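Visitor: The following block contains the structure, expressed as structure tokens.
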Amino acid sequence: MTGIKTLGQFIIEKQADFSYAKGELSRLLRDIGIAAKIVNREVNKAGLVDILGDAGTVNIQGEGQKKLDVFANTQFISALTSGGECCIVATEEEDDFVPIDSPVSKNAKYIVCIDPLDGSSNIDVNVAVGTIFSIYRRKSVEGMATLADVLQKGTEQVAAGYVIYGSSTMLVYTTGKGVNGFTLDPSIGEFCLSHPNMKVPHDGSIYSINEGNYVHFPMGVKQYIKYAQVHDVASNRPYTSRYIGSMVADIHRNLIKGGIYIYPTTASSPNGKLRLLYECNPMAFIIEQAGGVASDGFRRILEIQPVELHQRTSIFIGSEKMVRMAEEMMVTYAEAEPNHKSA
Ligand code: AHG
Ligand code: MN
Ligand code: MN
């Protein structure tokens, strides 16, 4: 086993960095890793068993749920329930937060916000999907944890990560001391350290946005797209356009290669589409820890005070130089379009 470091070994080694509750946070991360392996197994054989397609149900956001959305949601809640470290799960797939009230979780101190399966529209066509998670410490000290424990700013996250079920399966996470990536070795069933200390390039030449919505974008975004398409050798333009439609996969690629991912406000989604608690905050924490920037166009994502569970926001995330340029354009055109000013 020389040269291989498993996720479990790495977490234990690094737990000296945590300022408190070392063992508990380690166990929580381990539980998430185990659930991810189970979801990975189902994603991989999805075409062989009856797990593709719609579940026939709709979540609170009016989105049709896929069978794998429901399966992944159940797996993560179950792993977090039996692990005993988590007192609340807030998930995309449940209307309200789920209080965990089991004998083993009596003294649980952690809140987990999760998008169990990101990129659901790609499930049926064998394109990469993901899981996104965010971990907070509960603020209240007694009784059952409450909604106020969930509605914390992203700056309060103690850990965040994502899993990408792609051509290989990876788990990438941060506890606020840099970002590390682990690739699942299916032959031993372990996530092994493959991408230590990940850093997003300061500048890049990939832009990722659903350009089909162009007509509904704010002027600042339209200007940025124009800028991205201009020929300019010095700044490596025109940029390359890459859009998978799974936020995890798009941001993972840009983290490695450099780039910007944008999901702005649109005429039909005036607050943006992506959810603050279990999509934007965890990805923002990871990208900042890797040296990048995450903004809603005007302010740092991590500083937005959430007021509701399924709150949405616009997001501009990735290489610092690219995100700052896009922000400049948003500010320049904001006065003319007050409706797009901020989610
Ligand atoms: P989810 O599958 O969890 O609902 O998230 C889908 C999100 C995100 O992953 C992706 O980038 C975006 O929706 C794609 O939206 P469009 O189809 O509107 O581009
Ligand atoms: Mn999602
Ligand atoms: Mn989802």
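Each Cβ is built from the backbone N, Cα and C atoms, and glycine gets one as well.
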Visitor: For the Mg(2+) 1 site that TrEMBL describes with Asp115, Leu117, which of these is also annotated: Glu85, Glu92, Glu142?
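Guide: Matched candidate out of Glu85, Glu92, Glu142, per TrEMBL for Mg(2+) 1 with Asp115, Leu117: Glu92.
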Visitor: For the Mg(2+) 2 site that TrEMBL gives with Asp115, Asp118, which of Glu13, Glu279, Glu288 also belongs there?
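Guide: The one candidate that TrEMBL places in that Mg(2+) 2 site: Glu279.
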Visitor: Taking Lys45, Lys153, Lys177, Lys273 as the options, which does TrEMBL list with Asp118, Gly119, Ser120, Ser121, Asn210, Tyr243 at the substrate site?
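Guide: So, going by the record in TrEMBL, that would be Lys273.
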Visitor: I'd like the Cβ neighbour count for Asn210 (substrate binding site), meaning other Cβ atoms within 10 Å of its Cβ, all protein chains included.
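Guide: I get 14 for this one.
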Visitor: Starting from the Cβ centroid of Asp118, Gly119, Ser120, Ser121, Asn210, Tyr243, Lys273, which together make up the recorded substrate site, report each further residue of the same chain whose Cβ lies within 8 Å of that point, ordered by sequence.
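Guide: Filtered neighbour residues, in order: Asn122, Ile244, Gly245, Ser246, Met247.
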Visitor: Using C-alpha positions only, work out which of the binding-site residues Asn210, Tyr243, Lys273, Glu279 is nearest to Asp115 (Mg(2+) 1 binding site).
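Guide: Of the binding-site residues Asn210, Tyr243, Lys273, Glu279, Glu279 has its Cα closest to that of Asp115 (Mg(2+) 1 binding site).
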Visitor: At the Cα level, what's the spacing in Å between Gly119 (substrate binding site) and Glu279 (Mg(2+) 2 binding site), rounded?
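Guide: Given the Cα positions, Gly119 (substrate binding site) is 11 Å from Glu279 (Mg(2+) 2 binding site).
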Visitor: Identify which of the following binding-site residues, namely Asp118, Tyr243, Glu279, place a Cβ less than 6 Å away from any atom of ligand 1, and list them by sequence position.
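Guide: Those binding-site residues that pass the cut-off, since their Cβ is under 6 Å from ligand 1, are Asp118.
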Visitor: Cβ within 8 Å of the Mg(2+) 1 site's Cβ centroid: which residues qualify beyond Glu92, Asp115, Leu117?
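Guide: Checked against the 8 Å cutoff, the neighbours are Asp69, Ala72, Asn73, Thr91, Glu93, Ile114, Pro116, Asp118, Ser120, Thr131, Ile132, Tyr278, Glu279.
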